[in-house]
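Peer 1: Mind having a look at this structure? Questions to follow.
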Amino acid sequence: MKYSELAEVYTDVAATSATTQKETLLADCFLDVYDNTETSLLPVTVRLVRGRVFARWEAAEIGVSTAGAADAISKATGVESEQIETWWREEGDLGDAAAYAVDDRVQQTLTATPLTVTRVYETLREVASYEGSGSQQKQRDEIAGLISDASPLAARYIVRTVTGSMRLGVGEGIVRNALASAFLDMSDDAADAVQRAIDLTNDVAVVAQRVAEQGQPGLDDVDLELFRPIKPMLAKQAESIQTAVDELAADPKHIERNHNIELSHSGAVLIEFKYDGIRAKIHRDGDDIRVYTRRLSDVTEQFPDVVSAARDHIDAKHYIIEAELVGYDPQSNDDTPVTFQTLAQRIQRTDNVATIAKSIPVTTYVFDLLALNGESLLTDTLEMRLERLNTILSTKATSDSKSASTHNAHSSTSVTTVSSDQYQSSSSLRRAQCTWATTQTTAAEFYEDALAAGHEGVMIKNPARPYQPGSRVGYQRKIKPTMEPLDLVVTRAKWSEGRKSDFLGRPYLACRTADGNLAEVGRMHTGFTDDQLETFTNRVEPLIENVEGREATLTPAVVLAVEYEEIQISSTYDSGYALRFPRLKQIRHDCDPSQADSLERVERLYEQQSLDESQTSV
């Protein structure tokens, strides 16, 4: 299949704003590819439509900056870099600049190699593998080779794929529905089956292949796999402790009637400390243990102490466990955790791992078990999963778990050290502190304990529900002090002035909308330290899509945790809301835009804020 044919589909999809029309166009494309090309091309096409050449769980990226892509365009076409930058600035899209350059190319390719979908895909995957001296030049040469053989339209989408900005308006939901329409009956059940398979594989290409070849039975067979991480189940914000306890307490009659389950804690909720750390999944298969973040990044090398703790204090050889990695200051005399920003240094550093592990030791707080000895536990109730979890944790690891009759957060302070000499003084693994509660009083006391121990708040969970990866579910709630921070996506930033003129700052902040787009809710003017400003600039500079004056439009990829005074109604931003005095809490290295807070949540916080104000004034 010629890449230009796929580029034409891209153009048609980008031209319509109607979701159903996008789904129809993609469904037709997927069917045509499956019926008229080699079978292996369907998963490649589906992945490229999402602007990717790797699955989310693969630890790889194309890794070419916009500047590198611009150099490749110039090399392929002979057009001066200054002209390419002019087009880029005028159009706000380096892909458009590539199309203009190919159309206006100075040098012509005499013996062009056919530009197929397979060639583009395999070349971009190869580009990501280059390392060491001269790797950047090799990357640019390979991309220039693709552009040299491309039409203007094909060049536009090659460059957009390289820079991670397809501009198709196609999210995971549209691809899901297109697959359900193409290969199933497009009922709600069909779309749900495709979504379940995507959640369990984190690879839409694998799902496409299965549903095309095997239909519904192929999706039903999809299950958890070791070393293929899944997205976490997320909790909704609770209006109050009382509301959460009332709504989530397991109704024994409902459970027995609808699920044939007997609960040991009928009418109760599970309450856990909410830790401000790195959410992680620990996979073990025999001697091989891997650690993954909520963004599915493999951070095993950065956390050898976590690996050692898991090996020594989890009595099983095949499992997937979920935990929170919480950092501590070894020089401190208490267990107050370090900030997430400090802990995040451990993800960012891949050198001197032993040194930084000792300077920022972590405790691994285990709170869920998703698979054990080859058996997926996702459909089991939370209570059943925790019972299985307790059977494989060492005595010391479970000693920190809270009983329903104990609420002093400092009463269990034993530290479980690992056997490895290198990390013996700094590693621990504990069961997340938790209790069962049937009343608001019990829950409120435990919440105060969590805050007193320096943690974020509490999680309140219905014990009778399964694990649903990738979803923000209503049967788990989080409670933190108000106004709690929002996780927001950076869409624009401005070059600073004076001594900080080399840095980008003052970012515009956006939340997710129901249709998968972004809506801005404010702009941050303060809150960066010099170190944070440098880190922020290094993170967003490769994401620049367009520059007007001192303002840069960015590919939405960076998420910030933002604190603020209040939420106001505003016509300044397209969300209809504005944050008053937003300030940086931390750069969320562990969070991607799909996990940012929603406009619905901003609206709910505004309504709750208004209600609180009216009650205060009475």
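We number each residue from 1, going along the chain as drawn.
The backbone N, Cα and C atoms fix where each Cβ goes, and this holds for glycine too.
Quantities reported herein were computed from a predicted structural model and do not represent experimental measurements.
Swiss-Prot lists these features:
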ACT_SITE  LYS274  active site, N6-AMP-lysine intermediate
BINDING   GLU272, ARG279, ARG294, GLU324, PHE367, ARG472, LYS478  ATP binding site
REGION    396-422  region 'Disordered'
Peer 1: What number of additional C-beta atoms lies within 10 angstroms of the C-beta atom of LYS274 (active site, N6-AMP-lysine intermediate)?
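Peer 2: Taking all protein chains shown, LYS274 (active site, N6-AMP-lysine intermediate) has 21 Cβ neighbours within 10 Å.
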Peer 1: Taking the residues GLU272, ARG279, ARG294, GLU324, PHE367, ARG472, LYS478, which the record names as binding ATP, find the longest CA to CA distance and state it in Å to the nearest whole number.
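Peer 2: Between the most distant Cα atoms of the ATP site, 19 Å.
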Peer 1: What number of additional C-beta atoms lies within 10 angstroms of the C-beta atom of ARG294 (ATP binding site)?
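Peer 2: ARG294 (ATP binding site) is surrounded by 19 other Cβ atoms within 10 Å.
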Peer 1: Report, in whole Å, the straight Cα-to-Cα distance of LYS478 (ATP binding site) from the residue listed as 'active site, N6-AMP-lysine intermediate'.
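Peer 2: About 8 Å separates the two Cα atoms.
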Peer 1: Determine the most Cβ-crowded residue among the binding-site residues GLU272, ARG279, GLU324, LYS478, using a 10 Å radius around each Cβ and all protein chains in the structure.
Peer 2: GLU272
Peer 1: Please compare the binding-site residues PHE367, ARG472 by how many other CB atoms fall within 10 Å of each one's CB, and tell me which has the fewest.
Peer 2: ARG472
